[in-house]
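What TrEMBL says about this one:
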type     : residues                                                                                                      : note
ACT_SITE : Asp151                                                                                                        : active site, proton donor/acceptor
BINDING  : Asn8, Glu387                                                                                                  : Mg(2+) binding site
BINDING  : Lys15, His211, Leu212, Gly213, Asn214, Gly215, Asp287, Met288, Arg289, Gly335, Ile336, Gly337, Glu338, Asn339 : ATP binding site
BINDING  : Arg94                                                                                                         : substrate binding site
SITE     : His183                                                                                                        : site 'Transition state stabilizer'
SITE     : Arg244                                                                                                        : site 'Transition state stabilizer'
Amino acid sequence: MSKTMAINAGSSSLKFQIIEMPEETVISKGLVERIGLAEGNLEIKYTDAEGQSQKFTLTEEIADHSRAVELLLSNLLELGIIQDFEEIKGVGHRVVAGGEIYKESTLVNEELIKNVEDLAEFAPLHNPAEAVVMRVFQEKLPHATMAAVFDTSFHTTMPAENYLYSLPYEFYENYSVRKYGAHGTSHQFVAHRAAEIVGKPIEDLRIITCHLGNGASITAVKNGESIDTSMGFTPLAGVTMGTRTGDIDASVIPFIMEKEGISDINEVINIFNKKSGLLGLSGVSSDMRDVEEAAEAGNERAQTALDIFYNRVIKYVGQYVAIMNGVDVVVFTAGIGENSKETREIVMKNFEYMGVKIDSERNNTRDEAIISTDDSTVTVINIPTNEEIAIARDVERLKAN
Ligand code: ADP
């Protein structure tokens, strides 16, 4: 039995879980937020010696990621969640951009950290913070096995016809402009779980995984490998999301800049990333629950936002059925995928032509379950994703090597 930390660092936050391995029991989780702002927060959830669930919170200035890690580790000791840093035998770091270099999870060393820094132009908000956090953990927990788990690794198997844009080829050769995708850890995790559930080798299956959270992406998995995914050069592409546009005609950019008197193109990209999607369309919220509620109450824009979201998911699933010449399993996961039975039902209704049948009773669930009928030509499964467990498993695997 040993403790592994799964770390997910962003530009101003750091989420963590401590997982007892190989049992995969989560003994503590929480986050540090508002790093670099006047009032930072630390929140740690854990179970105390009497078996009671506890939540520890602290508010103070947390100047940088180094301080965030220090504060987190010292409070883990003080709360008695760990007795000694030596207990933490492994640390897995989620890294957003691994470019074409990292095809799988990799042990952290100085070269890797440098590469993560160099890849910052593909994930300017995430990679620099992740590099800093890896360095701090190396310093504080030098004995621990440390691995980087990349969001992009699973998608490095895509063929050129799916990862290349129809741009001058030199842009790919000179600047590595291509589709990288994201959410790879989640797509890989649920695809493998789906194969276990249907009891067939993943190599024999055509799977479409729909990770529908605040960020959303859809992946075609053939022979156990990602062959196409809806996110692109960055997570902006693909289906409509909480606040992101998904796919859009690039000509809209100069047009909006002129009409709105915007001179900085980054402002437009910011609108596409943060003010569009369900939020921009509905004018209500980026949160699916709020949009569903507003639509229910008769808000037409909210209903249109929902219709567009469903429509984009349907179109991507349809594309992936086409490129794989059929599909054996469709998986729904993440906040919306796991919880919104309406989304699952509405999306899959469009595939009745190929013999897909959803069982309404089975679909009334938030847990892992097959939600299609026994005679459905395609098995449709709801699978809660668990990126932290996937990260901890990769650390264990690398530790054993
Ligand atoms: P993130 O990408 O931030 O990890 P999550 O996977 O947590 O996102 O998903 C968040 C989304 O899931 C939000 O849009 C939220 O409204 C949606 N969601 C959560 N619960 C439900 C529910 N019961 N019904 C519909 N949507 C839900």
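Every residue, even glycine, has its Cβ placed from backbone N, Cα and C.
Because TrEMBL annotations are produced automatically, they should be read as predictions rather than curated entries.
Shown on the structure are the features that TrEMBL records.
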residue : record                             : Cβ neighbours (10 Å)
Lys15   : ATP binding site                   : 17
Asp151  : active site, proton donor/acceptor : 26
Leu212  : ATP binding site                   : 25
Asn214  : ATP binding site                   : 16
Arg244  : site 'Transition state stabilizer' : 27
Asp287  : ATP binding site                   : 16
Arg289  : ATP binding site                   : 12
Ile336  : ATP binding site                   : 26
Glu338  : ATP binding site                   : 22
Glu387  : Mg(2+) binding site                : 22
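Taken in sequence order, the binding-site residues Asn8, Asn214, Ile336 that lie near ligand 1, meaning a CB under 6 Å from one of its atoms, are Asn214, Ile336. Cα of Asn8 (Mg(2+) binding site) to Cα of Asp287 (ATP binding site): a distance of 22 Å.
Of the listed recorded positions, namely Arg94, His183, the sparsest CB environment within 10 A is found at Arg94. Each residue contributes its Cα atom, and for Ile336 (ATP binding site) and Arg244 (site 'Transition state stabilizer') those atoms are 15 Å apart. Each residue contributes its Cα atom, and for Asn214 (ATP binding site) and His183 (site 'Transition state stabilizer') these two points are 12 Å apart.
If you check the binding-site residues Lys15, Leu212, Asp287, Arg289, Glu338 against Asp151 (active site, proton donor/acceptor), none has a Cα inside 10 Å of its Cα. When the C-alpha distances from Asp287 (ATP binding site) to the recorded positions Arg94, His183, Arg244, Glu387 are tabulated, the minimum falls on Arg244. For the ATP site, whose binding residues are given in the record as Lys15, His211, Leu212, Gly213, Asn214, Gly215, Asp287, Met288, Arg289, Gly335, Ile336, Gly337, Glu338, Asn339, the maximum C-alpha distance rounds to 23 Å. In this structure the alpha carbons, written CA, of Leu212 (ATP binding site) and Glu387 (Mg(2+) binding site) are 14 Å apart.
Rounded to a whole number, the distance between the Cα atoms of Arg289 (ATP binding site) and Arg94 (substrate binding site) is 28 Å. All protein chains shown were included, and the count of other CB atoms within 10 Å of the CB of Asn8 (Mg(2+) binding site) stands at 22.
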